[in-house]
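Quick look at what Swiss-Prot annotates:
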- 1-129: region 'Unknown' (REGION)
- 130-324: region 'NTP pyrophosphatase' (REGION)
- T134, R135, N136, E137, G138, K139, S197, F280, G281, Y282, D283, K303, H308, R309: substrate binding site (BINDING)
- D196: Mg(2+) binding site (BINDING)
- D196: active site, proton acceptor (ACT_SITE)
Amino acid sequence: MSEKIYEYKDENNWFIGKMTGHNLISGWGVKHTTIKKIDDLLDGIAATLDWENPKGYDVSVVRHQSPLSLITFIIDMINQETQREIKVTPHAGTILLMENAKLLAVYLPEGGVSTATFFATSEQGFGDIILIATRNEGKTKEFRNLFGQLGYRVENLNDYPELPEVAETGTTFEENARLKAETISRLTGKMVLADDSGLKVDALGGLPGVWSARFSGPDATDAKNNAKLLHELAMVFDQKKRSAQFHTTLVVAAPNKDSLVVEADWPGYIATQPKGENGFGYDPVFIVGETGHHAAELEADQKNQLSHRGQAVRKLMEVFPAWQAKQS
C-alpha cells in the first residue's frame with residue numbers, strides 16, 4: 001500500500017485522500033446519508049480487492065457538490081493502487097461502476113429513477129449518448145475527450161447529414177445555444193448539447209462576442225478572423241488593455257425536459273501575433289491568463305483543464321445527474 005496523498009480541487013469540490021486498511025469518508029458539507037450510500041456502493045468494490053493486502057480509502061472532503069465527483073475521485077484512487085480499470089459511467093440519472101463490460105454497482109439518486117428511463121438504452125449498451133450540435137470536428141474532439149473521461153459517447157451533426165442548419169439569430173450566447181439544442185432535440189428526439197462560444201475583447205466592447213465565428217465576414221476562416229482581430233487592436237500597445245475572455249454557454253436539451261444551462265469564462269489577453277499549432281479559432285492569438293503561453297501552444301489535456309469549455313463541461317457534469325433524475 002503506497003503512502004501517496006491524492007488530491008482533487010476545483011471551485012466546487014476539494015477532496016484529499018490516501019489508501020488505508022479501512023474505508024472512511026469525513027469532512028464538511030457532505031450529508032451523512034450521502035456518505036453512507038457511497039460507502040455501501042464501494043463496499044462491494046472493496047470486497048473484491050486483495051484480502052492479503054487489504055486496501056481501503058480514507059477521504060477528507062473540504063467541499064463537495066455532487067456524488068459523481070466524489071465517487072470518481074475514490075475510484076481513481078482504487079484504480080491507481082490496484083491496477084484495476086473500473087469506469088464511472090453516468091447513465092439516466094444514475095452512476096454506474098463498470099469493469100470489463102461487467103456492471104459492478106449502481107448509485108441511485110434520492111427518489112430513484114424510473115425503470116423506463118434507466119432501461120431505455122440503445123443497442124450499444126449502457127452509457128449516455130450526447131449529440132453535440134456542431135459539425136466542427138475540432139470542437140467535437142474537445143467534447144469527446146472531456147465526455148469520454150466521464151463515460152459518455154459523443155456524436156455530432158455529421159452523423160445526421162439530413163438535419164437542417166439552425167440559424168443562430170440570437171443576440172446572446174444563451175439564446176443561440178438554446179436555439180440549437182432545443183431545435184435539434186425536437187427534430188431527433190435525442191438529448192442534445194449545444195454550445196455557443198466566443199471571444200469577448202474588452203477594448204472592443206465585448207466584440208467579436210456572438211459573432212466570433214464570422215467576425216471577418218460571410219466567408220470567414222480562422223486565419224481571417226485572427227487577422228481582423230489583430231488589425232482592430234493594432235493601436236492598443238499595453239497588454240493590460242488587450243484583456244479578453246473566452247466564453248462558453250452550454251445548453252442541454254431533451255424531449256419533455258426543461259433545458260439545463262451552464263456558463264464559464266477563460267480570462268487572458270490578445271497577443272500581437274499568432275503562436276502555436278494546436279487548437280482552433282482564436283487559440284493562436286489568445287494568451288492564457290498571466291502565463292505568457294498562447295492557447296494554441298497547449299496540449300489537448302492541458303487545454304481541457306483550463307479552458308472555458310473544459311470549465312463549463314465540468315460544471316455541467318456536476319449538475320447533470322440531478323437534472324436527469326429530477327426530470328426522468
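Heads up, the Cβ atoms here are built off N, Cα and C, so glycines get one too.
Neighbour counts of Cβ atoms within 10 Å were compared for the binding-site residues G138, G281, and the top value is held by G281.
It is S197 that, of the binding-site residues T134, N136, S197, has its Cβ surrounded by the most other Cβ atoms within 10 Å.
Under the DSSP three-state reduction, G281 (substrate binding site) is assigned to coil, being neither helix nor strand. Counting only residues at least six positions away in the same chain, the Cβ atoms of G276, H294, A295, A296 sit under 8 Å from the Cβ of D283 (substrate binding site). According to its DSSP assignment, N136 (substrate binding site) is coil. On a Cα basis, the residue listed as 'Mg(2+) binding site' lies 12 Å away from N136 (substrate binding site). Among the binding-site residues listed (T134, G138, G281), T134 has its Cα nearest to the Cα of the residue listed as 'Mg(2+) binding site'.
For the substrate site listed in the record, the two most distant Cα atoms among T134, R135, N136, E137, G138, K139, S197, F280, G281, Y282, D283, K303, H308, R309 lie 21 Å apart. Around H308 (substrate binding site), the C-beta neighbours below 8 angstroms that are at least 6 residues distant in the chain are S197, Q245, F246, H247, T248, A264, D265, W266. Cβ neighbour count for the residue listed as 'Mg(2+) binding site': 26 (other Cβ atoms within 10 Å of its Cβ, all protein chains included).
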